[in-house]
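What TrEMBL records for 46-65, 77-97, 109-130, 142-162, 168-187, 194-212, 275-292, 304-329, 341-362 is transmembrane segment.
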Amino acid sequence: MKRKQLPKIDYVLTGTTLGLLAFGLLAVSSASTVLSFERFGNNHYYFMRQLFFGAVPGLLMMYFFSRIDYHKWQKIAPLLVLAGIAMLSAVLIPSIGFKVGNARRWIDFHYFLFQPAEFVKLAMIVYLASWYDKRQQHAHDLYYGFLPSLMIVIVVAGLIMLEPDIGTMLVLIAIAFAMFFAGGAMLKHLASVALAGLLVMWIAIKAAPYRLQRILAYFNPSSDTQGIAYQINQALIAIGSGGLWGLGFGQSRQKYNYLPEPVGDSIFAIMSEELGFIRVSGVILLFLVFAYKGFKIAWQTADVFGKMLGVGITSWIVLQALINIGGITGTIPLTGIPLPFVSYGSSALALSLAGVGILLNISRYAK
């Protein structure tokens, strides 16, 4: 008996994702050499971990998820979000959560660190998509539509805030708002919650004065070049040093312990230094193509669940890219958010590729 052939995936979205992944692996291979050698005596330590714990499992999930009917995720949506909440709660327990600096964001599985917040982004997207699909007749209703869906976001955001990880919390809230808007929530409801969110942010800033200092550093980067504004100043030096065509791949000077987080949220600055403005503009173009194709797939999907799922996954990738590049170029305050597919982080990379796999499956059925 002949097997039923699946409709074709969106090849432009596939190629765009693979292009960003390839750039990311090259970026990590260059930006991490100094840090890898200093910490582990091996220039390629971070690159190998990104490849084998992030890219390989991520590509496998991307392939298999692109072949699984996306409607099946709706059946396990509550289970996914409950698992995410359980992991976020577990990471706060000192004997389970792995602490780096003042933040407890990871679970140590000996061979690799897993960041539950990355899983929760995808879980929450699936859950909210399922919620709006089942309650689309209440989309405009405050008490039966908007507030119940908002509660799950508040619980998840609160747990992430306790780690603390304000940047990831803001991304998660931004994704939720994009989905609320796409789902038909009224603007006055969104505006009310946004005002409440600003109040919460003010409380968070008052609780940790360094957050206020970081915002002030954004408005005046030259105020404390050796303190709170050190990272943004070094990032701007890296970007400026690269000029139009860069110093050459592997030739960054800022990765020699000048620019903090050279493989994390600062990796775009390192690549700007090595490749120059013209070449890294190609990366920005790839993210724009990803945004166009992702949202187009979402709007061309017939059912509400697929549409909301597409909006959520695309918003996740695009908003993170916007926040990262905006922060490291001084356009918006730094948040510590990694650049999707590019920054080091196996959990983030694998789960981002998994999300793209689901989006590719949606593309099979888009009109």
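Heads up, the Cβ atoms here are built off N, Cα and C, so glycines get one too.
Distant neighbours of the transmembrane segment (341-362): 9-10, 13-14, 17, 20-21, 23-24, 27-28, 32, 46, 49-50, 53-55, 57-59, 61-70, 73, 112-115, 118-119, 121-122, 125, 263-265, 267-268, 271, 283, 294, 297-298, 301, 306, 309-310, 313-314, 316-317, 324; these residues of the same chain sit at least 6 beyond its ends, with a Cβ under 8 Å from one of its Cβ atoms. The transmembrane segment (304-329) makes no contact with the transmembrane segment (77-97), as judged by fewer than three Cβ pairs under 8 Å among residues 6 or more apart in sequence.
Among residues of the same chain six or more beyond the transmembrane segment (109-130), those with a C-beta under 8 A of the stretch's C-beta atoms are 49, 53, 73-74, 76-78, 80-81, 83-85, 87-88, 90-91, 98, 149, 152-153, 156, 160, 163, 165, 168, 171-172, 175-176, 179-180, 183, 304-306, 308-309, 312-313, 316, 345-348, 351-352, 354-355.
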